[in-house]
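S.K.: Swiss-Prot lists these features:
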type    : residues                    : note
BINDING : Glu15, Ser83, Gly86, Thr107 : (5S)-5-amino-3-oxohexanoate binding site
BINDING : His47, His49, Glu226        : Zn(2+) binding site
Amino acid sequence: MMEKLIITAAICGAEVTKEHNPAVPYTVEEIAREAESAYKAGASIIHLHVREDDGTPTQDKERFRKCIEAIREKCPDVIIQPSTGGAVGMTDLERLQPTELHPEMATLDCGTCNFGGDEIFVNTENTIKNFGKILIERGVKPEIEVFDKGMIDYAIRYQKQGFIQKPMHFDFVLGVQMSASARDLVFMSESIPEGSTWTVAGVGRHQFQMAALAIVMGGHVRVGFEDNVYIDKGILAKSNGELVERVVRLAKELGREIATPDEARQILSLKK
C-alpha cells in the first residue's frame, strides 16, 4: 500500500504577480487567507515566499514572522516551509533570514538555473554547502530543490560530505530547466538514494500532468500559484485552494489517501 499523499501548496512565489492572476497574495492577510484555503482543501505543507504590500519579494525575517504567525492562527498544525531561494539577485545572507525562525523545513536549491531572459538563479557550491550546514545547525529539514538530474548528483555528493543529512527529501521542479514528461519523472525518481522521499512541482501546463503521475508512482505533489495560476486551460484559478482541490480529486479517483500534517511529519521524519 502506498504512503498517503503529501500535498504542498506554493502559494505565491517570488516571480508571479497580480497581473498574472489577481488572486496572487501580497499582504500578510492575503498570504494567510491563501494558506488557509490550501490547508482546508488538503495541503499539509505551505511552501512560503513573502512579499511587501506592493508585491516586492522580500526575505526579511520579521515579514516572515508576521506571515507565519498569521498562518498559524488559521492553520495551527500545518507544516510551514520557507523558501531560501528568495528572489533572483538576493544575497546569501538575505536568503537565509527566515531560517533564523527555526521552521520545521526550508528549501535547499542544489544548483544554478537559467530562469529566462537575463535571469540566473545562482547557487554556487560554497552557497549550497553553507546553506546545508546552517540548516543542520538550526534543526531545519531541507527540501532539496532540483531542476535537473545533475542537481541530484550534487545533493548526493554534499550528503556524503556531511552538508545534508539522511533521509533526504527532494522536490523535482520540472518544466523550467528540464522538460516535464513521464520519462523525465521516472528518471529523476529512480536517481535518488534509497530511503529518500520526493515530490514534484510541474510548472505551468505541466502541473496536473505531473501531479497525476506522482500520485500513481508513490511520490508527492506540489501545486500553487508559484508554479501555475490556471485551474484549466485559459481559466484562472480563484485560489490556491482550488488547485489543491483538483489534486485531492485526482488522488481519490486513483485510490490514494491524503496525508494530514502530522502524517506528513511522520513520512518526512520531521520533529515537530
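All residue numbers here begin at 1 and follow the chain in the order shown.
Cβ atoms are placed via backbone N, Cα and C, with glycine included.
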S.K.: If you measure Ser83 ((5S)-5-amino-3-oxohexanoate binding site) to His49 (Zn(2+) binding site) at Cα, how many Å is it?
M.R.: 6
S.K.: May I ask which of the binding-site residues His47, His49, Glu226 is closest to Thr107 ((5S)-5-amino-3-oxohexanoate binding site) if we compare their C-alpha atoms?
M.R.: His47
S.K.: Using a 10 Å cut-off between Cα atoms, which of these binding-site residues sit near Gly86 ((5S)-5-amino-3-oxohexanoate binding site): His47, His49, Glu226?
M.R.: His49
S.K.: Just to verify: the residue among His47, His49 with the fewest other Cβ atoms within 10 Å, which of the binding-site residues is it?
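M.R.: Relative to the other binding-site residues in His47, His49, His49 has the fewest Cβ atoms within 10 Å.
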S.K.: Under DSSP, is Thr107 ((5S)-5-amino-3-oxohexanoate binding site) helix, strand or coil?
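M.R.: The residue in question, Thr107 ((5S)-5-amino-3-oxohexanoate binding site), is strand (DSSP, three-state).
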S.K.: Can you tell which of the binding-site residues His47, His49, Glu226 lies nearest to Glu15 ((5S)-5-amino-3-oxohexanoate binding site) in space, using Cα positions?
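M.R.: Of the binding-site residues His47, His49, Glu226, Glu226 has its Cα closest to that of Glu15 ((5S)-5-amino-3-oxohexanoate binding site).
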S.K.: Within the chain of Glu226 (Zn(2+) binding site), which residues six or more apart in sequence place their C-beta under 8 angstroms from its C-beta?
M.R.: Ala10, Ile11, Cys12, Gly13, Ala14, Glu15, Val16, His47, His49
